[in-house]
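All remarks here apply to the structure that follows.
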Amino acid sequence: MFEICLENVRRNMPLIHNITNYVTVNDVANVLLACGASPIMSDDKEEVEEITSICKGLNINIGTLNHRTIPSMLLAGKKANELSHPVVLDPVGAGASSLRTETALRLIREIRFDVIRGNISEIKSLALGRGSTKGVDADMADAVTEENLSRGIDFVKGFALDTGCIIAVTGKIDLVTDGKTCYVIRNGRQEMGKVTGTGCQLSGMTAAYVAANPENKLAAAAAAVSAMGLAGEIAWTHMEKSEGNAAYRNRIIDAIYHMDGKTLAEGARYEVR
Amino acid sequence: MFEICLENVRRNMPLIHNITNYVTVNDVANVLLACGASPIMSDDKEEVEEITSICKGLNINIGTLNHRTIPSMLLAGKKANELSHPVVLDPVGAGASSLRTETALRLIREIRFDVIRGNISEIKSLALGRGSTKGVDADMADAVTEENLSRGIDFVKGFALDTGCIIAVTGKIDLVTDGKTCYVIRNGRQEMGKVTGTGCQLSGMTAAYVAANPENKLAAAAAAVSAMGLAGEIAWTHMEKSEGNAAYRNRIIDAIYHMDGKTLAEGARYEVR
Amino acid sequence: MFEICLENVRRNMPLIHNITNYVTVNDVANVLLACGASPIMSDDKEEVEEITSICKGLNINIGTLNHRTIPSMLLAGKKANELSHPVVLDPVGAGASSLRTETALRLIREIRFDVIRGNISEIKSLALGRGSTKGVDADMADAVTEENLSRGIDFVKGFALDTGCIIAVTGKIDLVTDGKTCYVIRNGRQEMGKVTGTGCQLSGMTAAYVAANPENKLAAAAAAVSAMGLAGEIAWTHMEKSEGNAAYRNRIIDAIYHMDGKTLAEGARYEVR
């Protein structure tokens with residue numbers, strides 16, 4: 001299934017509209033090209049509706065959000081909803097400031113997202129902000145581990161049902177769920193955390209995968225998550241002794257560039273719960 | 001001739017003012033350093049006239065344009081005109097939104113550009129927007145190919161005469177013309193399309209080449225186009241098996257860094273029509 | 001001492017708030033991760049005080065400053081002062097426009113900086129703008145060299161006393177002083193000037209080093225400067241024949257990633273004056 005999802009991206013070459021932060025934007029553009037999609041970045045409120053109309057999917061990322069771009073996010077998201085284009089939210093830093101948490105919550109209220117992808121802290125901030133604290137124990141550590149996996153799955157499923165979105169929580173173990181089915185994915189390497197923007201890249205890729213697989217959005221989102229993790233594993237095998245996180249950044253994108261369906265099918269490590 | 005153009009960039013080390021998008025800006029800065037020029041990025045309306053005054057050329061790129069930066073583009077361009085500094089326009093995404101098309105057309109009306117560099121779709125959008133549809137057949141495919149080359153040349157020459165600018169259309173075959181003479185350039189590789197920003201980089205380099213060769217602007221623009229394509233060819237020969245578009249991005253800039261006049265003279269593949 | 005400063009960064013993993021330019025922001029994020037710190041970028045005035053409150057240090061860089069971000073710099077800097085978080089200023093392009101010079105001077109008046117890091121031209125512009133021309137001879141060349149070293153040290157010490165900040169002037173020879181003690185550092189390679197943003201990266205790293213070594217700010221700033229130069233030396237030894245400034249950019253960050261205290265202690269070349 002992941003195999004087909006990947007191949008559909010290469011076949012359909014979806015154009016993805018990104019309203020994203022200026023820190024990792026270049027890597028998001030290059031990873032979209034690497035996976036077979038095409039990127040366009042645009043954030044002025046006068047053009048975002050028109051730009052998103054010519055695209056197949058929209059990726060909204062609130063890293064370096066500001067008062068000029070927040071209205072653009074809302075306009076683009078609503079237009080994408082109107083056109084039934086898939087929309088992904090990356091709530092970067094939700095919980096780190098009221099502006100980020102409130103903006104993410106407002107986006108979720110006003111836009112219908114197909115996927116929300118973040119780390120567990122960001123997702124918990126949103127769940128708590130919505131008052132949907134069910135499953136969020138005060139003692140639940142921020143990382144999803146083998147030990148607290150069941151509770152993590154319950155929590156993420158609950159948030160998926162509450163919002164009506166696919167939720168993708170990435171970390172040591174990744175969880176991707178629509179509230180009923182949960183993919184538990186064990187690809188990736190911890191060294192990916194030393195590369196800025198692997199999460200942002202994944203959100204862009206998720207928009208491409210979902211756009212190219214409209215009939216299988218959950219599997220597509222899970223495939224994107226697994227592909228990114230697997231790229232981190234493959235890239236690591238190519239690292240030379242003197243190389244560090246800058247080389248790793250490039251090698252991860254390069255691994256996405258070379259990944260075909262068969263590689264993903266063989267390398268994906270997940271269970272469905 | 002291309003040889004001298006390249007060497008003049010290394011000799012004169014022109015400082016180039018860039019008002020450019022935040023997606024590819026880092027690569028534009030590094031490619032300018034690689035070719036022997038120096039970059040400065042500045043887009044606040046309060047300082048752009050002063051910044052452009054201390055430079056030797058200006059590169060205006062409308063990717064991620066917004067309402068804060070459009071007035072800055074106009075101010076900087078007019079000041080550069082006043083000082084007779086060469087000005088390059090990269091109309092990224094013209095045709096994709098009214099804001100981009102209208103902004104590009106307004107810039108062309110209010111600023112005297114030495115070179116406009118874009119892909120054929122962008123240039124056609126501008127030509128159509130100006131009502132100069134001569135040569136733009138409805139059936140003309142977007143790509144310039146060996147089959148439609150003559151018509152492509154006529155169209156680009158017509159737009160050059162119409163605007164009074166050197167027009168550089170890049171793609172599989174690149175055309176660079178002042179309306180009379182047209183360089184038809186066959187350097188480059190299609191894999192360059194998988195690297196975000198090779199066009200933006202070329203526009204920055206074109207500003208540097210023209211600034212360093214004020215007596216030979218057409219040849220300078222053609223030399224920049226040829227150098228970028230040749231860098232793509234050379235970089236490809238250095239690619240290792242596991243490398244993809246991220247490595248290619250770096251290797252292209254590195255090929256510009258090492259390119260000398262002799263290499264360009266020997267590697268340039270073009271005819272004059 | 002430099003050894004301990006470096007190890008404290010890896011041990012304390014300080015979160016650093018960056019208000020920085022969009023040209024080199026990705027490299028700043030990756031170098032912070034490489035040295036053991038964590039980056040967060042945020043520049044909207046509604047959130048910068050909250051963001052800086054959860055961090056351990058603040059890095060303000062005025063490259064691509066604009067009217068939206070200048071008030072954010074002031075707010076964040078004052079909040080960081082209130083919380084006694086270390087604050088670093090990188091006055092990119094001071095002297096190149098009135099906006100930059102005036103903004104840098106205003107920031108220095110209204111915020112208490114722990115370190116100001118720039119090249120000699122930028123620092124001279126600030127010193128002249130403050131009227132503290134003592135030691136700034138009209139004939140003093142812009143570069144600090146072995147020939148004018150004593151005068152350079154006197155000038156930088158004077159500016160440090162005048163502002164009450166640690167001043168780090170980087171170039172062929174780097175000077176880091178609190179006005180009494182001056183570290184004269186001879187690490188680095190001139191090819192680093194062909195990579196955009198090595199100065200911006202250093203400013204980010206300086207914020208991390210000072211934040212992790214609050215009892216030894218001067219040594220910490222000097223250690224950061226030495227580490228960056230040493231990374232440039234180590235990275236150069238890994239360069240392959242076809243590689244240029246793009247590869248060098250990555251290799252420098254990778255050298256920071258692998259650098260341990262012992263490597264820095266052995267590779268640091270400095271004297272105290």
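Placed from the backbone N, Cα and C atoms, the Cβ positions cover glycine too.
Sequence-distant neighbours of B:Gly197 (substrate binding site): residues of the same chain at least 6 apart with a C-beta under 8 Å from its C-beta are B:Val23, B:Thr24, B:Asp27, B:Val28, B:Arg249. In the three-state DSSP assignment, the secondary structure recorded for B:Gly197 (substrate binding site) is coil. Residues or ranges marked as substrate binding site in TrEMBL: B:Met41, B:Gly197.
If you draw a 10 Å sphere around the CB of B:Arg117 (ATP binding site), it holds 32 other CB atoms from the protein chains shown. The ATP binding site feature in TrEMBL is assigned to B:Arg117, B:Thr170.
For chain A, the nearby binding-site residues by a Cβ gap under 8 A number none, drawn from B:Met41, B:Arg117, B:Thr170. Counting every protein chain shown, the number of other Cβ atoms lying within 10 Å of the Cβ of B:Met41 (substrate binding site) is 25. Taking a C-beta cut-off of under 8 Å and a sequence gap of six or more, B:Thr170 (ATP binding site) has these contacts in its own chain: B:Arg117, B:Gly118, B:Asn119, B:Gly188, B:Gly199, B:Leu202, B:Val225. Here the binding-site residues are B:Met41, B:Thr170, B:Gly197, and the ones sitting under 8 angstroms from chain C, going by CB atoms, are B:Met41. The secondary structure of B:Thr170 (ATP binding site), as reduced to three states from DSSP, is coil rather than helix or strand.
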